[in-house]
Amino acid sequence: MTVVAVPGSKSVTARALFLAAAADGVTTLRRPLLSDDTDGFAAGLTELGYHVERGADVWRVTGRPAGPAADRADVYCRDAATAARFLPALAAAGTGTFRFDASAQMRRRPVAPLTEALRSLGVDLTHEDADGRLPLTVVADGIKGGAIDLDASLSSQFLTALLLTGPLTAEGLRIRVTGIVSVPYVEITLAMMRRFGAEVTRDGDTFIVPPGGYRATDYPIEPDASTASYFFAAAALSGRSATVAGLGAEALQGDLRFVDVLREMGAEVETGQDATTVTGTGRLRGITVNMRDISDTMPTLAAIAPFADGPVRIEDVYNTRVKECDRLEACAENLRRQGIRVETGPDWIEIHPGVPAPVRIACHGDHRIAMSFAVAGLRTPGTTFDDPGCVKKTFPGFHEFFAGVRAEWGV
Ligand SMILES: O=C(O)C1=C[C@@H](OP(=O)(O)O)[C@@H](O)[C@H](O)C1
Ligand SMILES: C=C(OP(=O)(O)O)C(=O)O
């Protein structure tokens, strides 16, 4: 049994940084993720005038319930949608002029449902781009609050941004949501808001967020469940065993449900109170699976799918087309170049069994494409990558770390 020390959760770290910045008092974050996304998020807060003290394993954030200390800032959100979507909402609840820009890919990704919701709350927000994307500028003067409608069919992050901001408004928010994707991420948001002293209630499809701000706390960050999927998949693929400590029955992240997919395919899964173990059995069955709730793990499954004994069909993952790249097409393209038969539709992909040929994987700058095909590379020696360094978004050092796990397994 190999215990894999997976780095901290990107989603939990980003939310914890937001909540700590907005809280009254000094928050201690334990074992935050050190990666480009979370570094960018913390740097964005610093740019806005928050005090973020970063040690190796512990970060301390001095909260500012009234909002950013800076009255003017230019924040570069890099490739991180968490920063690009959460930080403008945080800034809007303060006072000042704040501009947000991001990488070329993040500039292409949607933000309009969120920015339209902020505008309907009276926030002065302008896009430099005609299509309602980044860059954007917020001329902030607090948010009174009120009722809004939100289409969250392209990203749950629009809802998370508004939920997190709700307690910072004068009168609170009532958010009526349609078409939501990635629901477990909203559950993470609600659970973490509770830990910082804010209780959201629900009335059908409406989220009711009371005013009243947040309280600082001491917050341990759990390992990243999407990252864990690579080690679980690798164990299933190679007949080895991977235990991820710190991700058990109490875990916040929905992506841990990826182990249910592996179990259905034939792997053995053991979920303890504070750890999860996947053991490969030498068998991988083909399946049809809806991954709407856990779509960051779609590339993990797609990359190992050719090794199943029947077709693997992944459904309801339209929004993977608007991530770090069009993930449905990027997976299909790489699998086809490996000689695998693949079909795609608007929101699905079907992968047939086969023996992938070693090719140079086109990463499209997407960490998940790189890490997923690295896992599949266990069974396809000679696999290389056009941009191995793109893993830095959530796991700098992934390739070396994975090589260490392989060495321990002897595969
Ligand atoms: O809120 C979050 O932390 C995230 C939500 C998900 O995005 P969508 O809601 O856009 O699917 C997920 O893909 C992303 O990696 C992180
Ligand atoms: C989609 C992802 O990130 P982002 O937070 O930029 O949406 C991801 O990490 O797979």
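Backbone N, Cα and C atoms are what each Cβ position is placed from, and that goes for glycine too.
Asp296 is the only one of Asp129, Asp131, Asp296 that TrEMBL places in the 3-phosphoshikimate site (with Lys10, Ser11, Arg15, Ser155, Ser156, Gln157, Asn319, Lys323). Looking at Gln157 (phosphoenolpyruvate binding site) and Lys10 (3-phosphoshikimate binding site), their Cα atoms lie 13 Å from each other.
If you draw a 10 Å sphere around the CB of Lys323 (3-phosphoshikimate binding site), it holds 23 other CB atoms from the protein chains shown. Filtering Arg15, Ser156, Gln157, Asp296, Arg368 by Cβ distance to ligand 1 (under 6 A) retains the following recorded positions: Ser156, Gln157, Asp296.
Close contacts with ligand 2, defined as a Cβ under 6 Å from any of its atoms, occur at none of the binding-site residues Arg15, Arg109, Ser156, Arg327.
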